[in-house]
Every structure is written in structure tokens, then in C-alpha cells.
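Down below is the structure, laid out as C-alpha cells.
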Amino acid sequence: MFCKYVWVNRVLSLSVICLNGGTWDGKTCICPTGFQGDQCQQEIMLCQNGGYWDGIKCVCPGLFQGPKCEDIVPKPPPETVSAQVDMTVTVTSMEFTKDLEDRTSEAFKNFSNIFEGEMKTVYKGIPEYDGVNITKLSAGSVVVEHEVRLKAKFTPEYKEVLDKVTQEVTEKIQNVTKEQISINNVCKSTLCFNTTATKVQNITVTQYDPEKECQKKAGEEYAAYFFVEYKNQKPNCINRCMPGFNNSMDCHSGKCQLETNGPRCYCLNTDTHWYSGETCEFSTKKNLVFGLVGAAFAVVLVALAVLLLFMFRSKKEVNRQKYKVTQLYKWHEEDGGPEPGTFQNIGFDIYEGIGDPQWTQNGTVFPSLKHLVTHLLNVLVQILRNQVFTF
């Protein structure tokens, strides 16, 4: 345990270092949700779907399984389905006695054994036959009310199978009661019947809807995401996060988890790859990303360097042009010309000098060299100023 000493009201006090965001209240570490222990050093597994942590593992409710109770336990369908045919036959080869009403009497047991044996013979060609159950014996020779039990292996077409079998049972008993009759009060069979007294009252076929059973088992929150898929002629109650079925969700490099808003893929990240996409179908190499980022950074640095160089050269050129203009101003002032940027009427100066011997040559009038140079300098200065201000 990591401890430290702190001064509290000038008294040396022992304080425990709490981990994982825990806080020390002077006596113990107050741990945040998901952690426990003296220093909040133990992570508590957050169990899903109503499960709870017992200190070692998640204890899941009946519907769920997995380390965090995140998976649904598939419910196996019934291996067999059943049907029942309620019917009445009248045995004419025996007389009714009062003790046949008592199911515990020897008379009832003896009759029951004989009747069951006879029915076994009658229905021996029907593999789904599962015996009879006598519900009542009454007078009128012996009126036998009984149930014929049928059992079949579950298949997606089980209803059609049982419907066909019950029809076959009905035909069998009707044929037997027509054939096994007493002639001149003599019965040549174990039991003889009254042909006109055979009745089929009711046929009950097991109502098993795998889809409804599946959704009922899943519960209201998850019912919409459960369905039945048949494999090897057996229904399997699944959701898309259960692997190994045609409708299973392929999360590629991720894990499928069923949540209250449906199945969802959680993508894994490894030391070499990132995975993304709705079903984690996209993979990105980390070294490729790092290389591209590095290359992009290098391009940015080069572009920045070029921009700085261009700005430096532009600034240098501006300073050079300014220097030239300054020098021209200086030379012009030293030459005695007007201040740069002012107006001078050169033509007036020229005409004003006519008549002066130094302005005439061979009878032709010329301006003085000084005025001509001044005019040219003014024009040059104006051109340079325009270039500088429009740079």
C-alpha cells in the first residue's frame, strides 16, 4: 500500500494514495464507479443485462451468458412435438360392470391392458403412435372414451406431419371397427366393436411457434432483434451477433455485441492497424498514417520556407527601390533643381531665355542644358515614385 505523510493542523497524519481517481476522506479511499479495494486498485467488471459481479465473475440471469453477460443463451427447441386425438369406441364383446368405473380396480386394469394391446396392433403401422389413455368407461356394452397420443420429431413442417398422422389414425380406427364385429354374437377377435358408434371428437396438435417462443425468451427489450434460423432441420433462436449462421453479422476484425438498440460491431485496434466502418471492414496501417502525416508536415515546412524566402526577397527589392529613389532625390537637390514632386513650367523657362546669346546657335533657339537635365530628372523621379507605390 502506498502511503504518504501530510501535516494536518500541525499534526503529522498518514494519508493513503488512492488510485484510479479515488479520493481519501481521512479514513478510507472513496472509489469511483467500476473500482474497489483499499486503494481503488481493483477494477470491477461492469456486468451487462442485469448481471452482477460476485467478486470473481459476472453472475448472469438465465437468458444471458459471457464474461460480461453480453451474449444470449440460445434456447434449444423441443426435440418432439405431440398431438392428441380424442375419440370414443364401443366394445360389444364385453359387458359393462360397475367396477369398471373404478380406475384402481382389477377389472379396470385388466380391461385397460387388453384395450391398449389391441390399439397397439391397430396402429402398428404408424410410427408416431405413442399409446392410448382411457379417460372413461361407461355402460352400453362398454363405451370407451380415450385419447390417442401421437409424437413426432420436430421439423419446420411438424404441423403438416401431425395433421397427416391424425387423419391416418382416424381412418385406421374406423376401418377396424367396421371389420372387427361380432357375427351371431360371436367375436373372433380380441375385441369387437359397434361400427356405427365410433366417433372422433377432437384433434389437438401442439401449437409451437419457434419465432414467438424465441422472442418471448429474449424479453421485450431484445425481442425485435431475435429470430429463428433453421440448421439441420432444427430451429435456433439467434440474434445477428451469434456466429455460425447465415444471418450472423460479420464484424471482421471486431466483436459483435447486442444492445437495446440492436447489434453493433466494436472494432479492435492493434499495434499495427486501426479498424473502422460499420462492420469494422476497413483497416488502416498505423505506419502508413504516420508516414503520410510526416510527409504532409515536410511539405508544409517546405512551402513555409519558400513563402518566407519570397517575402524576404520582396522586402529586399522594395528597400532597394526605395534606396534608388532616395538617391535620385538627393542628387536632384544637390543639382539645384526644384523639390521632387513639385511642378515646373519648362516651356516658360525656355522662352524666358530667348535673346540670351547662350540660348541661340546658328539662329536656332535651344533651351539651356541645365533646364533640360532638370526636366528629365523630374520625369524619371515621377516614374520611379509610381513604380514604388504600385509595387
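Here the Cβ of each residue, glycine as well, is placed from N, Cα and C on the backbone.
Where the annotation comes from TrEMBL, it is an automatic prediction and has not been curated.
Keep in mind that what you see is a predicted model, and the values were worked out from it rather than measured.
For CYS60, the disulfide partner recorded in TrEMBL among CYS47, CYS69 is CYS69. Residues 1-2, 16-22, 28-29, 217-219, 257-258 of the same chain sit 6 or more residues outside the domain 'EGF-like' (36-70) yet have a Cβ under 8 Å from a Cβ within it. Neighbour count (other Cβ atoms within 10 Å of the Cβ, all protein chains): 23 for CYS69 (disulfide bond). Below 8 angstroms of C-beta separation, residues 274 of the same chain, each at least six residues beyond the ends of the transmembrane segment (288-312), sit close to that stretch. For the domain 'EGF-like' (36-70), the DSSP-based tally of helix, strand and coil residues reads 0 helix, 9 strand, 26 coil.
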